[in-house]
Structure formats: C-alpha cells, structure tokens
Amino acid sequence: MENFELVILLLDATLRTSTPLILAALAGMFSERSGTINLALEGMMLGGAFAAAAVAYYAGSPWVGLLAAIAATIALSLLHGFACITHKGNQVVSGMAINILMSGFTALVGIALFAQGGKTPALDKASRFQPITLPGAEAVRDVPILGPIYFELLSGHNILVYIAFFAVPAAWWVMYRTRFGLRLRAVGENPGAVDTAGISVVLMRYRAVVCSGVLVGMSGAYLSTAQGASFLQDMTAGKGYIALAAMVFGKWRPFPALFACLLFGFLDAAATRLQGVILPGIGEVPVQLVQALPYVLTVILLAGFIGRATPPKALGRAYVKER
Amino acid sequence: MQRKPLLGAIAVLSAFLPGIIATSSPSFADETIKPAVVYSTGGKFDGAFNQSAFTGAEKFKTDTGIDYREFELRNDTQSQQAIRTFARDGHDPVVVIGFQQASALAEVAPEFPETRFAIVDMVVDQPNVQSVVFREHEGSFIVGMLAAMASNSNTIGAVGGMDIPLIRRMTCGYQLGAHYAKPDANVLVNFVGTTGAAWNDPIRGGELTKTQIGKGADVVLQLAGGTGIGVLQAASDAKILGIGSDANQNGLHPGQVLTSMVKHVDVAVYEAFKAARDGNWQPGIKSLGLAEGGIDWALDENNRDLMTDDMEVAAKKAKADIISGKITIHDYMIDNTCPN
C-alpha cells in the first residue's frame, strides 16, 4: 500500500514536470510540420515565462499574465517567421539568436522593472494559477485504489496542466481532421504543390508559427505562474530543447510526442525520488548517477527502440517560388 | 577691508589644519581603496548567500561613502577573468564569494602580490588571501533541533543545492541537531544537482520539496541559494514549514518559515573592506561561528508565533552549550562522513 502511494505520487509529479514539455513539444510540432525549424522554443518559453510573471505581478491575475505571455511569444514567433519565412534566413541561426536574445533580454527588462537582478517579485496566491480540486475528489478520497488515483493523481492540478493534456487531442484533430491541418502538413512536405493549388505558402507558415507561439506561451506561463511563483533568469533550464527532442522522439506527431514528454517527465520525477534511496547490492544511489539516468535512457531509447524518425520533407527550407 | 574675511578664513583653517591632517592620515587610505566583489553564480539578488554579501558591501558604502565594483558570475568559468580584471584595474581589496571560485583565486592571487584578496566559504592558502569560513554545522544543528521539535510527523527534510562537502556539512549538522532533540526523528536529505546550475533551479527545488512532503516531511530546510526560493514556495504552498538559510528569510512567507539559519556573509564582506581601509587587514583563515556572531538562527515577528517557549529555550541553551564547548558537533569536512 505504501508503495502504491509512492507510485501515485511519482506519477503525480510526472504530470507536473511534463506539462511544460507537452505544450512546447506541440508548439514545435506546429511550426516544424509547416516546414519551419523552431529551435527558438527555449527562448520563447523564457520570454513567455517572464511576460507572465511580470504582468501577473502588476495585474494581480494569472490570466492576464497568461495573455501577456502568449502575446509575447506570438511576437517572437512572428520575428522568427519574419527572418525565416519572409526573408528566407537560416532557421537554425534565427532560432538560436532568439534563444540567446531572450536569455539576456528578459534579465535586462527584469532588472529595469524590478531591480532584483532579473528576478520578478514573488507572486501571491491571487496572481498564480491555483490547484483545482475536481468534483467529487474529496468524497472518493478514502476509496481504496481508485480514491488516491482520482484525488492525488488526477485532481489537484492547476488549469494549465489540464489544458496541456487537452491540447494533445485538440492538436491531433486540427492537424489530421481539418483543412487547415492538411494544408499545414502539405506546406511542410511539398510547398510547391500547395502553391500550385493557389494557397499562399508564406501565409500558411506564418499561421503555423503563430499557433506555435500560442502553445509555447502557455508553457512559459506555466513555469513562472503555476509551477513556480516568479521568474528567474534562465529558469527554463533547457526544457525547450528537451521538448524539441521529445517532438523528434515522437516523430512530429502529437500522441507519440505526448508519450515522449511523459517519459522525460517521468524520468525527471523519478530522478528526484531515487536520490538517497538505498538499492540492494549497490548502496545509496549517488546523485550523479540519478541525474545522468534520463540522458542515458534517452540515448538507449533513441538508439534502439524508436526507429527512424522522418522529418517533414521541406523542413528547414525556405520556399522560393522561382529560381 | 577686503582681505579680512580671507585672513579670517586662513586663521580658522590653520587652526583646524593639524586636525585635518591627523584625521586624514588613516583616511588617506580612504581615498585609495577601491574595493570590489565577485559574487557567486545565482546572482546578487538570490535572496540568500550572494544577497547577504551585497548587503555587507552596501552597508560599507553607506557607512564610509566608498563605492565598490561588483561582478555577477554567469558561470564558473568567468571567475578567473573577473578576479584578474578587478586586480589589474587596481581594485583592492577584492572579495570573492563562494567556494567555486577558490581555484580561480588560487591562480590569480600570486599574480598580484600587492592586492589583498578575501574569499568566503573556502580556504585559499596564499600570503595575500584572507579566507573566511563559517562553521555552518553549528547553525544547522540548532535549526535541526527546532525543525525536529516543530515537526508533528517526526519527519523533516533538507534540500541542498550542489552536492558538495560544504552543504553536506550543513545537512550533517541538521541531522545531528534533529537527533539531539528527538533521537527517533527521520531526516530526509536531497540535493538539486552537481553543477553550479543547482543554485538557480527553483522548479527542481520545489519538486524535491514536494517529494519530501510526499514522504511525510512537514519541515523542510533549504540550503540551495536561489533554488531555495522554490523550496520555501513549495513548503508554503503545501502549508508546511520551511526553514531559510544564509540570509534571514523569515519574511518571504510570514508564518510559513519556521526560522532561518543566518550566515553573516555581510559581516565577512564588511569586515574585509573595513580592515583593508583601516590598514589592519590580515591574511589567513578566519573562522566564524556562533561564538563570533558569524552564524545565528533568526527569530523575529514573522516567526514569533511558530516558536514555542520550549523551542526557544532549547535553542538558546544549545547555542550557549556550543559556544562553551559543552556540545561539540561533528564537522563533515574533516573526514567526509557523518556519524549515525
């Protein structure tokens, strides 16, 4: 029974840690499926996290912060699009430039606004996303097995966690069941054919990066106004890149990407729990080993189990009408 | 008639002149010292370790009017460059914060034998370096006692930043203190990471705290610099008690922070600057603990209601006993082990 509870708590933490990855991986998917490499996820996440924390602090509402985060990341997406789609710049370079820019820019604005070394002031309860208790959670709390699953695991997360998990089927539906999704995928595979059909490749790609901006903005807001309570310089700590890896892992498809994110989230959650645990025959697990575990497993899984990941054909290539 | 006030002025001046000369001979150094601080990673507004150093430097500035230069490390590799640049520009004394900078300072200090350096939290054996170390285990012993006494579940936790002997020494003192107060107390210890990034990852700090709460902890000590903000936040969110460290963090979440283990880095910085100005600066090791006022536990209006009389009395008694030598606390850094 005690072990069961530990597993529930571990899965609970998995949901929390994988939420920003899921949102960012979906964001990457929208952009990359349309043919625009989005290495800027990390920087956009930072921008979103900063905008959310700063605006939520002034406005006293996490929702206003969330809107600000989305606005900021859409602006960054448009910047990325302007460089890569309109001016056909190198997409990797533009993405990295945004990452480097945002790492410094958020701190700069933070120092100018709050004079706390790039941090934003800690948010109070009213300006953060609070845990939501699902209906009936308290009532079933003491029911064996199902009670803890519902109460601990499913209930008690903040709204962005639920949005992230809802976003996966939604993204799937948009991508595979709507005209917009079909065109978006076509633009990433064979932009020439889309152009021949009389649809603007440039406009399609812009719409895709805007979708990407909306999702990654939520992911940033989650870090600073839901999971955390303030913005700290470089607080994303590589999550944007991990999300990108999860997307590649998931072969640019929503559900496999979700599982990849959950796997990364699980490994991260497990890593924090394995620390100091005494394993039979080995003794106490060293922190170093625990920390390396997610990466080791990633390499093993990538090498052996995932198979070939085929990117969209036109990925990374700007569309040129005539040569 | 015109010259009279001038003469008067000269007369007045000459009357004061010896006084001015006399007082300005020590303050001759006043004008020439150009102090500088190199903060550790985490930044000077980490609300803890670096901020404490910053407070000390600011206090010196307000007290003496002498401005100082500062540098915030983005990563450890910048350390050597930062120290060297300050020394080359004629800054003196240069105070270096954090154990990570020890190797950089050991490299740079011999290049500038005329410059006075000070390092906090580590020993660098050079003729022109003052090493300020704290006996943190004394402070963590007391907060460990308080944590164990405040805990209802008899399980308490500690979240360390980087896994280094310095932090282990504090967690060890914490354990010993907890067991001193309650021999059967269960103490959980976790570390955020093994690189400098571990000082600046509040999300991970919060996750580790939630893990410990999941294992039953209802008092959690943070020993993780900027990461600790996430630890105290998670503790406050879960309505359990946190314990601050380095600076007095009782006010971050009033009523949710049991106490803080205060490490007066500000005093170390202030004293180093002041000694350099007054000309009585000494190289060598300076060890600060409870007795010297370098380490203490914080009691103010934010945590007054959390502290029972028993706890306060016990903590004060332990403090006196440690100072008098009646209680000796094992120092992890001597043999890299923690008893029990």
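Keep in mind that glycine also has a Cβ here, set from the backbone N, Cα and C atoms.
Keep in mind it's a predicted model, so treat the numbers as computed, not measured.
TrEMBL has this to say about the protein:
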TRANSMEM  A:6-27  transmembrane segment
TRANSMEM  A:39-59  transmembrane segment
TRANSMEM  A:65-85  transmembrane segment
TRANSMEM  A:97-115  transmembrane segment
TRANSMEM  A:159-176  transmembrane segment
TRANSMEM  A:257-282  transmembrane segment
TRANSMEM  A:288-307  transmembrane segment
Taking 3+ C-beta pairs under 8 angstroms (sequence gap of 6 or more) as contact, is the transmembrane segment (A:39-59) in contact with the transmembrane segment (A:257-282)? no
Mark yes when the transmembrane segment (A:65-85) and the transmembrane segment (A:257-282) have three or more Cβ pairs under 8 Å (sequence separation 6 or more) and no when they do not. no
Cβ under 8 Å to the transmembrane segment (A:6-27), counting only same-chain residues 6 or more beyond its ends: which ones? 38, 41, 44-45, 148-149, 152-153, 157, 160-161, 163-165, 167-168, 171, 211-216, 218-220, 222-223, 227, 239-240, 242-244, 246-247, 250, 254, 257-258, 260-262, 264-266, 268-270, 272-273
By a Cβ-Cβ criterion of under 8 Å, what residues six or more beyond either terminus of the transmembrane segment (A:159-176) are in contact with it? 15-16, 19-20, 22-23, 26, 29-30, 33, 66, 129, 132, 184-185, 215, 218-219, 221-222, 226, 254-255, 257-258
When you scan the chain for residues with a C-beta under 8 Å from the transmembrane segment (A:65-85), skipping those not six or more beyond its ends, what do you find? 31, 36-38, 40, 43-45, 47-57, 59, 91, 94-95, 97-98, 102, 127, 160, 202, 205-206, 209-210, 212-214, 216-218, 220-221, 224-225, 318-319
Other same-chain positions with a Cβ less than 8 Å from the transmembrane segment (A:97-115) and lying at least 6 residues past its termini are 39-40, 42-44, 46-47, 49-50, 54, 76, 79-80, 83, 121, 231, 233-234, 240
